[in-house]
Amino acid sequence: MSIKSDRWIRRMSEQHGMIEPFEAGQVKQANGERIVSYGTSSYGYDVRCSREFKVFTNINSTIVDPKHFDPGSFVDIVGDECIIPPNSFALARTVEYFRIPRDTLVVCLGKSTYARCGIIVNVTPLEPEWEGHVTLEFSNTTPLPARIYANEGVAQMLFFQAAADDVCETSYRDRGGKYQGQTGVTLPRT
């Protein structure tokens, strides 16, 4: 697999709707203010976080169980920023909707601006033929509250394309993946 450049990302997004909405360059300012950048970079695409957040709280003193997850463990927030409590986490989603080609795998890495503040972004790979808004997980590893900004860059997507003779036999769509077509912040499913 080879990593794909800005030219490929631009072409696939503009001609095939791989990323919507799509920003062909890097946006570093909004309303005259500096922001955490988003848009196309040399070998990736920096995604934005939407205004919907789910902040984890343990008010029910429950055990976190991915097979029996309690939606009541989250507080819903809609706003231009989200404060994550110390040593806690929040879920959000990308502004962008993705349609991944069959010969492509996407890996997500957090942006250094957040990582240098102790805020880690986690996303599993976007598999071939998956589509939807990406659910983002932000971990606040610090002993202090941490702020996440909506509509600004939070993570970078790297696109890897298989050789023509090595495209997967079964895509995410083929196997009926449980997160196919997700919109909004999606909680764990089994």
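Residue 1 is the first one shown; counting continues down the chain.
Even glycines carry a Cβ here, placed using N, Cα and C.
Long-range Cβ contacts of T135 (dCTP binding site) within its own chain (separation 6+, distance under 8 Å): L91, A92, R93, V123, Y179, Q182, V185, T186. What Swiss-Prot lists as dCTP binding site is K111, S112, T113, Y114, A115, R116, T135, L136, E137, Q156, Y172, Q182, and the listing cites sequence analysis.
Among the features that Swiss-Prot reports, active site, proton donor/acceptor is placed at E137, with the record citing sequence analysis. According to DSSP, E137 (dCTP binding site) is assigned to a strand segment.
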Reduced DSSP assignment, T113 (dCTP binding site): helix
Binding-site residues listed as A115, Y172, least Cβ neighbours within 10 Å: A115
